[in-house]
Structure formats: structure tokens, C-alpha cells
Amino acid sequence: MTTAPLPPFPAGFRWGVSTSAYQIEGGADADGRGPSIWDTFAHTPGRIVDGSTGDVACDHYHRHAEDVALMAGLGVSAYRFSISWPRVQPGGGGPANPAGLDFYERLVDDLLATGIDPVATLFHWDLPQPLEDAGGWLHRDTAGRFAEYADLVAARLGDRVKLWITLNEPFIHMSLGHGTGVHAPGRFLLFDAFPVAHHQLLAHGLAVAALRARSSSPVAIANNYSPVVPRGDTDADRAAGLAYDALHNRLFTDPLLGLGYPPGIAPAGVRDGDLDVIAAPLDVLGVNYYNPTGIRAAEEDSPLPFELVPLEGHPRTAFDWPVVPDGLRDLLTGLKERYGDALPPIQVTESGCAYDDAPDAEGRVHDPERIAYLDGHLRAVREAIDAGVDVTGYFVWSLLDNWEWAEGFTKRFGLVHVDFATGARTPKSSYAWYRDLVTRR
Ligand code: PNW
């Protein structure tokens with residue numbers, strides 16, 4: 001690497017790494033955990049490209065001490081993990097399973113003892129299966145169940161978690177989980193999936209109130225954003241770009257920040273008062289960014305009003321996602337432009353890339369592409385800060401290679417390589433790079 005050192009970041013900037021429960025924990029039947037929609041989905045033949053499941057994943061449930069030690073070695077100031085709802089409430093309701101909360105309490109206490117801020121996401125897509133059987137996110141009652149679960153978690157950990165994140169990427173959970181069926185629960189509803197947006201947002205708002213009643217720590221939501229690059233220059237292409245932007249980038253954020261649903265998108269089932277619940281003040285906006293999206297008008301016979309087009313002229317990751325660091329800068333400055341003073345401070349809660357990393361003959365894992373990716377995206381964050389956007393943290397997705405949803409074990413996002421046959425962890429060269437960056441600050 002011959003690039004210049006990264007410019008300084010503001011004092012107190014939070015440097016972190018992210019993971020999620022189903023992707024790393026394993027321990028699927030341990031200590032009273034119940035099934036989630038991802039257990040059901042992964043065990044359904046044909047859903048996961050390599051036929052794998054998260055039954056064992058990185059076995060973090062049994063190796064969390066080793067993983068906290070890896071973070072200590074990395075020198076990060078924060079760790080974003082998610083709490084598995086079906087560990088805490090195996091049936092999706094009722095009293096807590098104490099053993100489930102015990103696990104997260106040990107993790108949180110280990111982190112604090114190591115000087116790492118625990119950042120807990122309450123829902124990273126692993127809905128308890130009994131709630132899905134009762135209608136899942138298509139059913140309004142699921143929002144209330146989520147607030148009860150948030151209350152149970154905050155009653156135990158409210159004094160120690162340093163930042164709460166209610167939901168992870170409600171857009172991806174709606175679109176891939178319920179629109180196109182690529183993710184659990186595997187529903188193919190296309191635009192009939194909109195109630196899933198409203199009920200997740202309602203769940204978020206009710207959970208904000210539940211968390212504030214038990215904890216003085218700040219509260220956030222982590223949204224996925226993808227700046228739209230219009231492709232084609234007809235009016236129909238431009239209209240398609242705006243329609244996709246409203247869907248991906250504004251459907252959740254507009255109501256969260258008090259603007260209501262974008263015109264033309266009105267989920268059925270919105271009741272009086274719901275928008276006030278949803279617009280509960282946020283302390284932090286979590287931004288997950290991977291890549292922009294090329295959009296043009298769809299063919300006449302398409303069920304969708306837009307078509308996604310691959311963006312040419314960029315390096316690509318093993319996911320075939322284009323590497324576009326400037327997209328992150330434009331996203332951050334665009335959020336500031338659109339929402340102005342209503343925009344809370346931002347933390348980039350996920351940023352990272354998949355490459356086909358493998359140990360060399362000496363057992364070392366070299367991932368210069370990941371170093372270049374992170375370097376570029378951090379420069380983009382720095383540029384956004386210079387342009388007046390209040391960005392207060394950055395979390396690399398991910399600490400570990402892990403179980404990448406429908407892609408199973410085929411996509412490696414970690415700073416640490418994991419041999420999925422043995423569970424052995426090997427820090428990659430990007431781990432050393434991020435450590436040097438973080439510890440110099
Ligand atoms: C996010 N897309 O998911 C999730 O929060 C992580 O759990 C996941 O491992 C990570 O990004 C990498 O995929 C996404 O198709 C899944 O645009 C799909 C998309 C975006 C984000």
C-alpha cells in the first residue's frame with residue numbers, strides 16, 4: 001500500500017467492528033434457545049447456496065472469550081453485536097429465558113472489562129419462529145411483542161449497553177425477506193410487503209420508549225442506504241431512479257425523521273398516532289453502506305417500475321458489488337441536505353467487503369483489497385465530516401468471516417479469517433492495518 005496516511009478524525013470518534021447473532025453464534029439449541037425464521041429458512045433445501053445453516057456458524061456462543069480477546073488486540077473502542085430474540089424469548093413472548101440473557105450479560109461484562117463499548121442491536125432479522133407462525137411482520141401485534149422483548153433486555157443490560165440499535169436494515173428485511181423471498185421468511189409479496197415496513201417502524205418507535213424507560217443510553221436504528229445512479233436519460237429512467245430512491249433510501253428514514261411516508265408510498269394499516277410513535281427522537285442514525293445502485297426504467301411487462309443495472313467501471317468484490325467509496329461521501333452529505341437539522345449524529349454501523357481470502361503456505365491471510373476498500377471508505381467519511389456532516393463513528397463489517405445469509409459460508413467479510421471446519425481464527429493483514437489505524441488515534 002502506497003497511499004498517504006488517513007487524515008485525522010475528530011476526538012472521541014468511535015472505532016468499531018460489527019457482527020450479528022445468527023451469523024456468528026451457532027449454539028442453535030443451547031440453553032433453551034428457540035428457532036428463528038432463519039433456522040427454518042436455512043434448513044429448507046434450496047434456500048442457501050451451499051446448503052449450509054447457522055447451527056454452528058463461528059461457534060461464537062462457545063468462543064466469545066477468544067473473540068473479545070481478538071477485539072482487545074484490535075484496539076477498537078466499540079463492538080456492535082446483535083441479541084438473538086429467540087434466545088431471550090424462545091416463544092416470541094412471555095417471560096425471559098434467563099440463560100439467554102446470561103450469555104449477553106457475560107459478553108457485555110467481558111467487553112466493559114476490556115474497555116470496549118457494547119453496542120447492541122435488538123433485531124438483526126432472526127424473528128422467533130412462533131411469531132412468524134402468527135403472521136410475523138405482516139401482523140401489527142409483532143410490533144408490541146418487540147417492545148416487550150426490548151423491555152426485558154433493557155431491564156437486564158440497560159445500565160451497561162452504551163448504544164442501543166433497535167432494528168438492523170428494515171428495508172433489506174422487508175425487500176429480500178418479504179418482497180422477493182431471497183432471505184427468511186422467504187415470502188414473495190413484491191409491493192404487498194409494505195405492511196412489513198410499517199410494523200417494523202412501529203416496533204422501533206415502541207421499543208425506543210421501552211428502552212428510554214429502563215436505560216439512559218442513546219438509541220439508534222441502523223438503516224441500509226444505496227445512493228441511486230440513474231442509468232439511461234429518458235424521463236422514464238429518471239422517474240424510475242426517483243421511485244427506487246424513495247423505496248430504498250426514504251421509506252424508513254422520512255417517517256423516522258418526522259416527514260411521514262414518501263408521497264406515493266402509503267403502507268396499508270397506518271393508524272392515527274402511528275407516525276408520532278415512529279418519529280420518536282433518535283440519538284444516532286446508524287448508516288450501513290455497501291454500494292450505490294444503478295437504476296433505469298423497467299420493461300413494459302415487469303412487475304416493478306424500475307430495473308437494477310450493474311454499475312460498470314468500478315472494481316468489484318467477491319459479491320460482485322461495485323467498490324464506490326465516493327458513494328458513501330455522497331450518501332452522508334445527501335442525508336444532511338435532505339434532513340438538515342432533523343438529522344441526528346451519524347455512525348456508520350456497517351462498511352466492508354467480501355473477498356475470497358485464504359491462508360497462504362505459511363498460514364497467513366493477505367487481503368490488500370479489503371485494506372484499500374476500508375481506506376477509501378474512511379477517506380469518504382472524512383470528506384463528509386469536512387463538508388459539515390456530524391459522523392461520530394465507523395464500524396467495519398465484520399470482525400469475523402461468518403455465515404452470510406443466503407450465501408452461506410461462501411462470502412468472507414472478516415478482518416479475521418475463520419476456518420469453518422475447525423473454527424480456527426486467523427487475523428488477516430487488514431486486521432493489522434485496522435489495529436494500526438485505531439491505536440494511532
Ligand atoms: C447487511 N443488498 O446485509 C447485513 O446487515 C449483514 O448482516 C450482512 O452480512 C452484510 O450487510 C453483508 O451482506 C445486506 O442486497 C444484505 O443490497 C443484502 C444487501 C445489503 C445488505
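Cβ atoms here come from the backbone N, Cα and C positions, even for glycine.
Residues annotated as substrate binding site in TrEMBL: Gln23, His124, Asn168, Tyr290, Trp397, Glu404, Trp405. Neighbours of Gln23 (substrate binding site), defined as other CB atoms within 10 A of its CB across all chains, total 24. According to its DSSP assignment, Gln23 (substrate binding site) is helical.
Counting Cβ atoms from all protein chains shown, Glu169 (active site, proton donor) has 24 others lying within 10 Å of its own Cβ. Annotation source TrEMBL lists active site, proton donor at Glu169.
Long-range neighbours of Glu350 (active site, nucleophile) (same chain, six or more residues apart, CB within less than 8 Å of its CB): Ser18, Ala222, Asn224, Asn288, Tyr289, Tyr290, Phe395, Trp397. What TrEMBL records for Glu350 is active site, nucleophile.
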Which same-chain residues, if any, lie at least 6 apart from Trp405 (substrate binding site) yet have Cβ under 8 Å of it:
Gln23, Trp38, Ile48, His183
Around the Cβ of Tyr290 (substrate binding site), how many other Cβ atoms lie within 10 Å? Please give the count over every shown protein chain.
23
From the Cα of Glu169 (active site, proton donor) across to the Cα of Glu404 (substrate binding site), what is the distance in angstrom?
15
